[in-house]
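> Pasting a structure below so you can have a look.
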Protein chains: 4
Amino acid sequence: MSKGKVCLAYSGGLDTSVILAWLLDQGYEVVAFMANVGQEEDFDAAKEKALKIGACKFVCVDCREDFVKDILFPAVQVNAVYEDVYLLGTSLARPVIAKAQIDVAKQEGCFAVSHGCTGKGNDQIRFELSFYALKPDVKCITPWRMPEFFERFAGRKDLLDYAAQKGIPVAQTKAKPWSTDENQAHISYEAGILEDPDTTPPKDMWKLIVDPMDAPDQPQDLTIDFERGLPVKLTYTDNKTSKEVSVTKPLDVFLAASNLARANGVGRIDIVEDRYINLKSRGCYEQAPLTVLRKAHVDLEGLTLDKEVRQLRDSFVTPNYSRLIYNGSYFTPECEYIRSMIQPSQNSVNGTVRVRLYKGNVIILGRSTKTEKLYDPTESSMDELTGFLPTDTTGFIAIQAIRIKKYGESKKTKGEELTL
Amino acid sequence: MSKGKVCLAYSGGLDTSVILAWLLDQGYEVVAFMANVGQEEDFDAAKEKALKIGACKFVCVDCREDFVKDILFPAVQVNAVYEDVYLLGTSLARPVIAKAQIDVAKQEGCFAVSHGCTGKGNDQIRFELSFYALKPDVKCITPWRMPEFFERFAGRKDLLDYAAQKGIPVAQTKAKPWSTDENQAHISYEAGILEDPDTTPPKDMWKLIVDPMDAPDQPQDLTIDFERGLPVKLTYTDNKTSKEVSVTKPLDVFLAASNLARANGVGRIDIVEDRYINLKSRGCYEQAPLTVLRKAHVDLEGLTLDKEVRQLRDSFVTPNYSRLIYNGSYFTPECEYIRSMIQPSQNSVNGTVRVRLYKGNVIILGRSTKTEKLYDPTESSMDELTGFLPTDTTGFIAIQAIRIKKYGESKKTKGEELTL
Amino acid sequence: MSKGKVCLAYSGGLDTSVILAWLLDQGYEVVAFMANVGQEEDFDAAKEKALKIGACKFVCVDCREDFVKDILFPAVQVNAVYEDVYLLGTSLARPVIAKAQIDVAKQEGCFAVSHGCTGKGNDQIRFELSFYALKPDVKCITPWRMPEFFERFAGRKDLLDYAAQKGIPVAQTKAKPWSTDENQAHISYEAGILEDPDTTPPKDMWKLIVDPMDAPDQPQDLTIDFERGLPVKLTYTDNKTSKEVSVTKPLDVFLAASNLARANGVGRIDIVEDRYINLKSRGCYEQAPLTVLRKAHVDLEGLTLDKEVRQLRDSFVTPNYSRLIYNGSYFTPECEYIRSMIQPSQNSVNGTVRVRLYKGNVIILGRSTKTEKLYDPTESSMDELTGFLPTDTTGFIAIQAIRIKKYGESKKTKGEELTL
Amino acid sequence: MSKGKVCLAYSGGLDTSVILAWLLDQGYEVVAFMANVGQEEDFDAAKEKALKIGACKFVCVDCREDFVKDILFPAVQVNAVYEDVYLLGTSLARPVIAKAQIDVAKQEGCFAVSHGCTGKGNDQIRFELSFYALKPDVKCITPWRMPEFFERFAGRKDLLDYAAQKGIPVAQTKAKPWSTDENQAHISYEAGILEDPDTTPPKDMWKLIVDPMDAPDQPQDLTIDFERGLPVKLTYTDNKTSKEVSVTKPLDVFLAASNLARANGVGRIDIVEDRYINLKSRGCYEQAPLTVLRKAHVDLEGLTLDKEVRQLRDSFVTPNYSRLIYNGSYFTPECEYIRSMIQPSQNSVNGTVRVRLYKGNVIILGRSTKTEKLYDPTESSMDELTGFLPTDTTGFIAIQAIRIKKYGESKKTKGEELTL
C-alpha cells in the first residue's frame, strides 16, 4: 500500500532519477515535477524517463513569463545584487519553482515534496523555506540529508550501480568537471575543478555568452524604455538584416536583452561568495540580460530619481532584498515587507536609456525623460544664475560650518592635529 | 597698505588668473598656491604667470604620494563608490589639496584663502568645509559667490577684457565645450555640451583612456598582492619588451595600475549624479586605476573576509564614507569616526588577485591567499562530508522554519494567499 | 496700493502682532491665520486683536482631529522618537499647521506667507520646506531673517515701543524666563534660564503634567486596544466616579490618554538636543499622551510583530521617519517614501495592552491578542518538546559554529588571544 | 577508565546536580565550575555539594570586576538595548562566564565542556558559540539536547527520583513557578506562570528592586561623572547618615548605582521578546544599575557628542552590538569589528550628570562639562546674533528647497495632491 504521494523536483539527470526510484522503493507514489524557467532542456525526454522509472505522473509548469514579470523585473527595479557583483540568477528562480511545485503538490494531493539538492548548498534552504511558507504542513523528504540515503549513495559509482539495477538510462556523455544550474536569467558553474579559486575557468566551460575576445567588432546599440522602473520597450537594429526591431512584452524584452548581451560578450563573472550556511564557495556566472537591464536602470535613476529617495533605497531596500533573495527568504514576512518598498521608489523612473554593447562592455550612450523634471540643465549650469543665488550657497556652507569649526577648535584645544 | 595676505588656489587658467588680479585690485597680497596631485600641467608656466600677474609668491606642493597613501588606497580598502558607479576621483583629491593649501596659508601668514570654484558645484563646499576644520578662524574669499565679482564678470568676455586690461596672457587654443578636472586618479568632464544628458560625448573628448574600440587585441594580465587590504605589489609582463615588471611603492603601484588600465580602455563612465546642493548634474569620468584596484580588492574580500564583517562594512561603512567624501566632509567628526572603521575590517584581506584587462573589461582570472583559511574547498564541496553533518542543516532549516510556518499559517487563517 | 496679500501665522503674542503691523506698514494686506492644534489659547481674543491691528481677515482652522489621525497616530505606529527620548511633539504639529496655512493662503489669494519664527531654530525650516512643497511659487516673508526687521527690533524694548506706537495691546503679565510651544501632544520649554543646561527647571515651569511627587498615591490602570497598530479603544475606571469609561474616536482616545498621563505625572523630559542647523539646544518637554501610547504600542509589537520585520523597521523606518519629522521634511519625496513603509509593518499589530500609570511610571501589566499566533507559550516553554526537536538546535548551532571555529583557529594561528 | 575530563557549568541546583551525576555515570571525570558574576549564591554550599556528588574538583572564578570593566561599562558607552527596552543583563554575562569556563577547562585539561541550558533558549547558543571561538576543538556535551538524557528525564519527578537514588540533596523549599537568572546587572524571570503574557507578575516575584509603590517618599539625588563615556565617579548623599559618599572604582560605581536604583524602585520591565531561535518568549527583568547609568550616559551625549557621530553610532553600532550580544555572538569577527567602533565614538563624552531617583523614575536634573564646547548657549540663543547670520539660514533653506519645490511642482504636474 502506498505511503502517500510525493511531488519530486525532477531534472532528468542521474541524481533525481535515482531519488525517484528510491522513493518508489520506500513505498511512495511519486509525481515528477519540472519547471520551465527558460533553461535549455529536453522536457519530453525528461517526461518519458520519469514515467519509465515509475512516476505516476509528470507535470511540467511553464513559469517563464511569471518569472520575468513577478521576479526578474522587480529585481531590475531594485538593482538587486549580492556581494557587489552577483545578480542572483539562481536565487531569483527559486521562489517561482517552489511556488509551482507546491501548486502541483496541492493539485495532485501530495503530502510531501522532495528535491535532489545537496546538504551544503543554498538551494535546499531556498526550496524548503518556501515550501513551509506556502504549505506549512508539507513534509520535506531530503534524501541528501538522510543518512539512509547519503550513506548508501556515497559516490557516483553507487548511483550508477543503482541506476543500472533499476534500468534507469544514463547519458553516455562524460560528466563535466563542474555543476551547472541554468535559467533564462543566467547559468551558474561551481564545484569540481572550480573549487580551486585560483584556477581560471577553461574557455569551453562558458556556455551562454560569447567570449568577449570572440565577440563582434561592430558594437550593438539598443534603446530601453522604462515606466515606473520597469523595462517596457527594447529597440535595436539587427546587425544582419539592418532592420529595427522593437519588443514590448516583458518576456520578449527580457529575451531580447539576453540575446544581444550574450552575443556581445556581456555578463560573465567569477567570484568567491558567502553561502547562507556560512561556507565560502566559488561560482562562475553568466548573467547576460540582468547585466544590461540593471545597468540601464541604474543610469535612468540618476536622471529621474530623487537623491534622498535613492540614497534611502540604496542603503536599505536593495541590500536587504538581495540578501533575503540569496538566503531563500522570498516567502517570509520580512521579504513581503521589503518587497512593498520597491514600487513606491519607482514612480518617477520613467524614460529612455541608450546603451552600447561591445565585447563585454555595457556603455551608456545617453538618457532622456519626457515626464520627469528633476534634472534641469539650466539650473545646474555653472554659467547660469537661475534657480537660486550663489549667496544661498554661502549660507548653506555657513550652517554646515558651525559644527565643523567647533571640531577644528576642539582638536586645537586638545592639542590634536588634524591630518589626512 | 595691504589688507593682508590671501592664499589663492591657482590653476594658471583664465578664471583664477583674473581672480588673482582682482584680489590684488582689492588691496590684498596674494600667495598663489598649486597642488601637484598628478594632473598633466605645466607648473613652471603657471608659476611664471602667477608672478607676472603680481603674486608675491608661488608655492607648488607635491601631494602625489600622500594622495595615494592617505586617501586613494584607503578608498580602495573600503571599496568607495558614489551612486553605484562614481569612484570619487575629484572628491578624493579635495582633502589633500585643502590640507596643503592651509599648510601654505599658515606658513605664509595668510589670514584668508580663496578659490575659483563656482557657486553651484560641490568643490566649493569640499574646500571650504576642509578649510574651516583645519583653520577655524580662516576667512574664505569666494569671488564666484560675491555679487561684486560675479556681477562684474557675468560672461567669458568680461573675463577676457579684464585679462587684456591687466596684461594677463590668455591661451590661444579655443576653449573646449566642457570643463575638466584632472588628477592621477581620474579626469572629469562636465558642463557645456554635456549638459544635455542624451548627448553622447564626442570621441575626442576622452583624454586619458584609450577608447575600448581602439584598445589592443592582446589582453594585458597583471597580478596584484594585497596586505591588510592595501595593494602592496603589482606585477605584469610588458607587452612590448616581454619582460616581467614588478612595483611595490604605493605611488608606483598606483601609476602602473593607471597606465595599464588606460592603455586597455578600462575606466570610463558617463552618469547623471546628485550634487550635495540638491542639483542633478551630468558627468563623464575616466577613472582607470581605481576601477582595476577596486575590482581586484572586492574580489579578494570574497576569498578572505568574514561574511558578516563584509556585510556590516558594505551596508554602513562603504556608503557613509563615500557619501561623506562626495559631500566634502573629510575633516569632520563623523568622517574621522567612519575612517576609524576601515582598517579594522581589513586585517584578513591578504592575498593575490590575477586580473586580465581587455578592451574595457576587467576580468578576474583567479585569486589566492597564503595566510587566510576562511575558504576551504573540501568543506564546501558537495562531494565531501567533512566539517559538519548534512543533518545539521536540517536543524538549521527547522529553526528558520519556525517563524516561516507561522507566517504561512497566519496567511491561511486570514484568507490571504501567498503569491509571487 | 496693496503690494498683495500675505497669510501670516499669527499667535496673538507680541512678536507676531508687531510683525502684523510691520507687514501692513510695508504695504501688504494681511490675513491672520491660526491653527487650533489643541493648545490652550483664547482664539476669540486673538481674532479681535488681529482685526484691531489691521488684518483684513482672521482665519482659525481646527486641525485637532486631522492632527491625531494623520500625524500623531502614525507616529505611534512607527514608535517615532528623536535622539532616544524626544517624542517630537512640536515637530509633528508643523506639517498640519503648514498645510492649513497654505490652504488658507490659496483660498484667500495670498501670494506670500509669513511667520514669526527666529532665524536659529528648527521651526522656520519646518514651515518653509512645507510651504515650498505645498505651493512651490509661494513667497516666504521671514522678518526675523530680514535685516530691515531684525536690526530695527533688536531687543524686546523695540518691540514694546513699536507696539505702543501702533496701539497694539500688550499683556500685563510679566514675560516668563523661557519660551513655550504647546499643542495637544505636548508643550516645550526652552531658552531663557534654561540655556544653562545644568539649571534644573523650576517646579512652577511645568504646566501640563502633575509633578510625579504630587501625583496620586492610587495608581491609574487603563486598557488600550490596537488594530493594525492604531489605538482604537481606551478604557479606564474613573477614580472619582468608579465608573468604567471607554472611548473609541481617535481624538477622544488621544485626549483620554493625555488626561490620564498628565494626572499621574507621566511624560516629562529634559534634554540637550541637536537642531537641524547644527546647533545644540536645551529643551524641556511634557509629552504625556505619546509617552503612554508609544510604550503600549511597543509592548504589543513584542507580542504580535514578526521579529525580522520589527528589526528592519526599527533599524530603518523609525529612525529615518523621526529624523525627517524633526528636520521639517514631512512634505518631501523621501518622507513620502518612508511613510509608505509604516502601514505595511503594522498588519499584525492587533491586540490589547493593560497599562498602569503611577507617579511618572508607565507599567505594563499584561498584553493579549485574539488574532495573532506568533507567540505560542507551549512552543517556547522549556518544559515542552513540541514544535521542533532539541536536536534541531544542535544543527542550528553547528551551522553558526562553522564560521566561529574558523575565527578561533585563525586567531590561534596568528598568535592573537581572544579576550573580553 | 575515564572517558576524559569535562568542565561542567554547575549551579548547585537540581538540574546541574543531576547532570553532574549523569556525566559521572557515563564515565567522565567532572570539574564543577561556577562563575561569580555578582549573583546571590552560597558558593561554599555549592562546592560542598558538587564534591559530594563526585566532582573531581570545584572551581569558582570571581568575574565581578572584569564583568563591569570589560562588558557592562562598554554596554553603557554604546547605550546597548534590545527591542527598545531590554538592557541585556543575562546576555552580557555570558561571554564573561564562557571565557572563565574555557580558561578552567584548559587549566584542568578538560576535552569537553557541559552546561544545563535547555534546548529552546538563547543561553545554550551564547555559551556554545563562545566555547567554539575560544577553543575550536572543544566538545560540547549538552544533555538537554541529547535524546538519551532528555527522554530519560522527561519530567521533574524523574530528576527527583534520580537525585534520591544518587543521594543528591534537594532543597526542601518548593520550586517557584518561574525560572530566574541573576547577576550583578540584573535578574530575569521567565517560564511557569509567566508564560501567559497577560498575567501580571505577582508582587512577591520581584526580588531585587523595591516596588515603586513602596519606595521612599524622599527622592535620592546622585551625580555621575563620565570620562570618554565611562562612569568614573558616583557621588550621593546617604539619606540615613546625611553624609556624602563618593566612589570611583568601576565595581564600586556599578554597585552604588545598583543599590540606589534598587532602593528607589528603578529598573523593572516586563516584555515579550524574540529569541534568537525564532520563538517569542515573555520575560520580566530587574535591571536597576544599567537603567540609571544608561540614561545618564544618553543625557551626557546630548551635551557632548557631535550630532552626526551620534546619529551614525545610534543607527548602526548600538543596534548591531545589542543584537550580537543578545544572539551570543560576542566572540565573533563581526562583534570584534563592532566593538572596535565603540571607543572612537566616546572621546568627547566627558562631563557630569545630576540625576534624581524617585519611585521608579530616573529624572535628569542637569548636566555639565568642563572640556567640551559643542554646546554654546550664546550661539543657540534666539536672542543673540553671534556665530552666524540669520541670512545664512535663508541660504540653507534655499538650497534644501531646490529639491522640495521640484517635488511640489512634479506633484502638481501629475495631478496628485500633497496631503497629510
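We number each residue from 1, going along the chain as drawn.
Note: Cβ is positioned from N, Cα and C throughout, glycine not excepted.
Grabbed the feature section from Swiss-Prot, which reads as follows:
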- D:9-17, D:Ala35, D:114-122: ATP binding site (BINDING)
- D:Tyr86, D:Ser91, D:Asn122, D:Arg126, D:Ser179, D:Ser188, D:Glu273, D:Tyr285: L-citrulline binding site (BINDING)
- D:Thr118, D:Asn122, D:Asp123: L-aspartate binding site (BINDING)
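Walk me through the surroundings of each of these features.
Within the same chain, the residues at least 6 positions away from D:Gly116 (ATP binding site) whose Cβ sits under 8 Å from its Cβ are D:Ala9, D:Ser11, D:Gly13, D:Asp15, D:Thr16, D:Ile19, D:Pro143, D:Trp144, listed in sequence order.
Non-local contacts of D:Arg126 (L-citrulline binding site) by the CB criterion (under 8 A, 6+ apart in sequence, same chain) comprise D:Ser91, D:Arg94, D:Pro95, D:Ala98, D:Asn327, D:Gly328, D:Tyr330.
Non-local neighbourhood of D:Asn122 (ATP binding site): D:Thr90, D:Ser91, D:Arg275, D:Tyr276, D:Ile277, D:Tyr326, D:Asn327, D:Gly328, each in the same chain, at least six residues away, with C-beta under 8 Å from its C-beta.
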> Look up D:Thr118 (L-aspartate binding site) in the DSSP assignment and reduce it to helix, strand or coil.
coil
> Taking D:Ala9, D:Ala35 as the binding-site residues to compare, which has the smallest set of other Cβ atoms within 10 Å?
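Least crowded of the binding-site residues D:Ala9, D:Ala35, by Cβ count within 10 Å, is D:Ala9.
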> List the residues of the same chain that sit at least 6 positions away from D:Tyr285 (L-citrulline binding site) in sequence and have their Cβ under 8 Å from its Cβ, in sequence order, or write 'none'.
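Expected: D:Tyr86, D:Leu87, D:Gly89, D:His186, D:Ile187, D:Ser188, D:Tyr189, D:Arg268, D:Ile269, D:Asp270, D:Ile271.
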> Centre the Cβ atoms of D:Thr118, D:Asn122, D:Asp123, go out 8 Å, and tell me which other residues of that chain have a Cβ in range of the L-aspartate site.
D:Cys117, D:Lys120, D:Gly121, D:Gln124, D:Ile125, D:Arg126, D:Arg275
> What does the structure give for the C-alpha distance between D:Gly119 (ATP binding site) and D:Glu273 (L-citrulline binding site)? Integer Å is fine.
17
> So if I measure Cβ to Cβ from D:Asp123 (L-aspartate binding site) and keep only same-chain residues at least 6 apart in sequence, which ones fall under 8 Å?
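Sequence-distant Cβ neighbours: D:Thr90, D:Arg94, D:His115, D:Cys117, D:Asp181, D:Gly328.
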> Can you give me the Cα-Cα distance between D:Gly12 (ATP binding site) and D:Glu273 (L-citrulline binding site) in Å, rounded to a whole number?
28
> Which of the binding-site residues D:Gly12, D:Asp15, D:Ser91, D:Thr118, D:Ser188 have a Cβ less than 8 Å from any Cβ in chain C?
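Going by the Cβ criterion (under 8 Å to chain C), the qualifying binding-site residues are D:Thr118.
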> Return only the integer: C-alpha distance in Å from D:Glu273 (L-citrulline binding site) to D:Thr118 (L-aspartate binding site).
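Distance between the two Cα atoms comes out at 17 Å.
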> What count of other C-beta atoms do you get within 10 angstroms of the C-beta of D:Ser91 (L-citrulline binding site), across all chains shown?
27
> With L-citrulline as the bound species and D:Tyr86, D:Ser91, D:Asn122, D:Arg126, D:Ser179, D:Ser188, D:Glu273, D:Tyr285 as its recorded binding residues, calculate the greatest Cα-Cα distance and give it in Å as a whole number.
19
> Quick one: among the binding-site residues D:Gly12, D:Gly119, which has the most Cβ atoms sitting within 10 Å of its own Cβ?
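Buried the deepest by this measure is D:Gly119.
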> Expressed to the nearest Å, what is the distance separating D:Ala35 (ATP binding site) and D:Ser179 (L-citrulline binding site) at their Cα atoms?
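For D:Ala35 (ATP binding site) versus D:Ser179 (L-citrulline binding site), the Cα atoms are 19 Å apart.
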> For D:Ser179, D:Ser188, listed as binding-site residues, tell me which one has the smallest number of other Cβ atoms within 10 Å.
D:Ser179
> For D:Ser91 (L-citrulline binding site), what is the secondary structure by DSSP, using just helix, strand and coil?
helix
